[in-house]
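Here is what Swiss-Prot records for this protein:
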| type | residues | note |
| --- | --- | --- |
| MOD_RES | 8 | N6-acetyllysine |
| CROSSLNK | 8 | SUMO2 cross-link |
| MOD_RES | 15 | N6-acetyllysine |
| CROSSLNK | 15 | SUMO2 cross-link |
| MOD_RES | 38 | phosphothreonine |
| DOMAIN | 51-136 | domain 'PNT' |
| REGION | 130-243 | region 'Activation domain' |
| CROSSLNK | 138 | SUMO2 cross-link |
| MOD_RES | 223 | phosphotyrosine |
| MOD_RES | 251 | phosphoserine |
| MOD_RES | 254 | phosphoserine |
| MOD_RES | 265 | phosphothreonine |
| MOD_RES | 267 | phosphoserine |
| MOD_RES | 270 | phosphoserine |
| MOD_RES | 282 | phosphoserine |
| MOD_RES | 285 | phosphoserine |
| MOD_RES | 305 | N6-acetyllysine |
| REGION | 323-330 | region 'Helix HI-2' |
| DNA_BIND | 335-415 | DNA-binding region |
| REGION | 418-422 | region 'Helix H4' |
């Protein structure tokens with residue numbers, strides 16, 4: 001980027017051009033065109049970037065991308081990233097990490113967002129995303145009608161290689177009675193990610209109930225629109241994966257970079273966003289921080305329980321519910337703390353430090369330090385301890401995922417609808433793991 005700058009208090013950017021990240025120097029390099037980022041030049045760079053970002057407005061209008069990024073579909077996010085890559089000549093961007101809708105993207109938080117892209121590249125993208133959010137305007141419309149979303153000219157070759165086809169609009173089903181919907185059910189089950197805002201605006205979410213979480217052909221979800229606003233097919237455009245129907249994600253960043261209480265979505269047989277992060281791993285990948293292996297060529301069918309039952313290599317040394325497999329099954333992306341706890345709880349070799357009490361979904365951390373150590377190892381956080389882990393657990397309280405059992409030390413209970421998600425009753429899992437009721441009971 002080249003800019004003629006008046007260094008007087010009335011700072012003015014006269015001209016901005018396309019930015020090539022390779023032009024940005026390291027502290028030991030000399031560059032006459034672009035100054036080093038110092039506290040005094042930070043605002044200057046921010047203004048220059050903002051001026052360059054203005055070029056995205058034409059792209060928004062051309063593709064019908066809403067101005068509020070929280071209302072973006074996965075296709076809109078994809079178009080935005082591709083625009084930025086071309087506009088700034090960005091290097092090393094892993095497009096798979098951005099396969100989510102705008103609500104999920106905005107809900108990540110800065111720290112988690114920056115993990116999606118290389119150094120400085122993430123800062124560029126985050127700066128633009130923040131600017132777009134602060135504008136806080138309604139989605140772009142033409143004559144009061146929601147626009148169609150033509151395919152970006154940047155996307156055809158790359159995303160076809162990942163099996164992603166043109167967006168398919170799925171019409172809303174008939175409204176159903178919402179009175180039996182709980183927040184935890186809503187949190188752990190498939191939802192239409194296109195209409196959701198970030199978790200900061202959770203009170204504005206529509207209530208959702210799943211007609212059949214195991215539909216093998218089409219996505220069928222009932223919507224309850226708030227403020228008498230009925231969702232239209234345009235609001236529910238979702239990418240379709242030709243190599244398998246995959247799950248979606250909205251996420252929530254907590255203290256110590258916990259990937260806590262991400263909104264979980266469809267099983268393999270469901271259709272939504274977050275396409276290329278859906279995985280069916282081998283057991284060899286369960287102790288890896290990396291994403292598990294890619295989907296097989298065939299389309300997996302059935303429930304998570306069916307998947308586990310069909311595993312020929314399942315034995316007493318392997319967890320019944322491996323966290324990586326559950327993350328892939330739900331499409332939640334990186335392994336979440338609650339998924340990791342389920343892995344430990346369904347691994348007989350871990351019963352010395354964490355186990356079910358025998359009372360439903362209640363469990364006890366017999367050695368909380370060992371649980372924290374293993375979580376830190378899994379997330380590559382060597383300073384992890386129980387104090388930090390418990391802070392992560394507390395983020396689940398308000399979400400009705402996990403609650404602390406009153407009067408019992410290190411005892412917690414899953415209060416969400418795990419049975420519908422996993423296909424197991426707690427009694428079935430207890431029998432498989434030879435769990436005996438806690439003597440304290």
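Backbone N, Cα and C define each Cβ position, glycine as well.
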Per DSSP, what is the helix/strand/coil residue tally across the domain 'PNT' (51-136)? 59 helix, 0 strand, 27 coil
CB contacts for residue 305 (N6-acetyllysine) [other CB atoms within 10 A, all chains]: 15
Please list the DSSP helix, strand and coil residue counts for the region 'Helix H4' (418-422). 5 helix, 0 strand, 0 coil
